[in-house]
Amino acid sequence: MVQTVSGPENDDDEEANGGESLAPRVRDTPQDIRLEAIANTVALHPSRDLLVCGDVDGDVYAFSYSCTEGENRELWSSGHHLKSCRQVRFAEDGLKLYTVSRDKSVHLMDVEQGKLVTRIRGAHSAPINSLLLVDENILATGDDGGTMKVWDMRKGTAIMDLKHHDDYISDIAVDQAKRILLTASGDGTMGVFNIKRRRFELLSEPQSGDLTSVVLMKYGKKVVCGSSEGTMYIFNWNGFGATSDRFAVKAESLDCMVPVTNNIVCTASMDGYIRAINILPNRVIGCIGQHVGEPIEEIAKSWDSRFLVSSGHDQLIKFWDISALPKTTVNEYRKRKKKDGRMKSLTKKAHGDNDFFSGLMDESEKKDEEEEEEEDSESDSGSD
């Protein structure tokens, strides 16, 4: 049974009222959802408070979520995949759901009831690792062997079937014009494919470590790849052969990235931290949250950009309030590190889930910021 995790503060409310429970509390974020197995993947509905996750057993779950305590609901579960479900993605209309699996199949499901509509068995000869919806009819898939396929779901057939990578395809992105597909691979290269002409264009020069994620930033003028070594590789659009910039983040890895604005991207890591990072100037803005000591598999943004959702090896789906993040500005100069070495907290729960401690933390954050500003003004006045 999948359950919602409640915080310790609820028990105090009941004790204060002689055991009677109060009206449901409205929280800043929905409660954590505890799963029966680790979720590899999580996706959020494009227009409703609904999420879907796929786990290592091949099961897919749908939940509605709410900030009202106790209101998260499991809507349905599906066990159609024979092996681990690797990625889930909603169609743009929110009515259909696509899933891919280690069992080498692509499934199309009905979102309302969780029923299987179409199945492509043996879609790849190797386990499928990544999935991208290009439009309502076209989707791209990448497998563990480095093969990328593009499917026309009206026919259920592949219109592109290309192998140019020597290792798994970790992630796929597409430009706004739906013309160029970009792939990140475990062989350390980024692949460039032209969907309109149905052909391979080029591979970037190899980077050190696996490329684990790829996103477009700066109004599509920059492509950013995350890596297994915690370095961000930045390419100019149409300068795909070699990086224009790189940023070594003090992270164990950068396994998943979600753009929040054209400048700010959230990253998930093996070290359990979710970081907000500004691109050009390259800065770690701070910590959104963490799955303490547990790797994070995937992060996703809600339809209204209010929440970031994460799935970790602690078998939890967690929610983080990122509504203030787009207003964040980054100065050109570097601020000094905090004395204890911790990242700046960007959400109340960034370094802990207890509301009482988060209040104290807000105060210490303000104090630290004031100290930083004083230090910065001193260092500025002392410079030539």
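Cβ coordinates are placed from backbone N, Cα and C, and glycine is handled just like the others.
TrEMBL annotations: computationally assigned, not manually curated.
Model, not experiment: these values are computed from the prediction.
According to TrEMBL, the protein has these features:
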COMPBIAS  334-349  compositional bias 'Basic residues'
COMPBIAS  368-384  compositional bias 'Acidic residues'
REGION    1-29  region 'Disordered'
REGION    333-384  region 'Disordered'
REPEAT    121-161  repeat 'WD'
REPEAT    162-196  repeat 'WD'
Spatial neighbours of the repeat 'WD' (162-196) far in sequence, C-beta under 8 Å, 6+ residues away: 129-132, 134-135, 138, 140-150, 202-216, 220, 223, 225-227, 233, 235, 237, 240, 256
The repeat 'WD' (162-196), counted residue by residue under DSSP: helix, strand, coil: 0 helix, 19 strand, 16 coil
Per-residue pLDDT averaged over the repeat 'WD' (121-161), given as an integer: 97
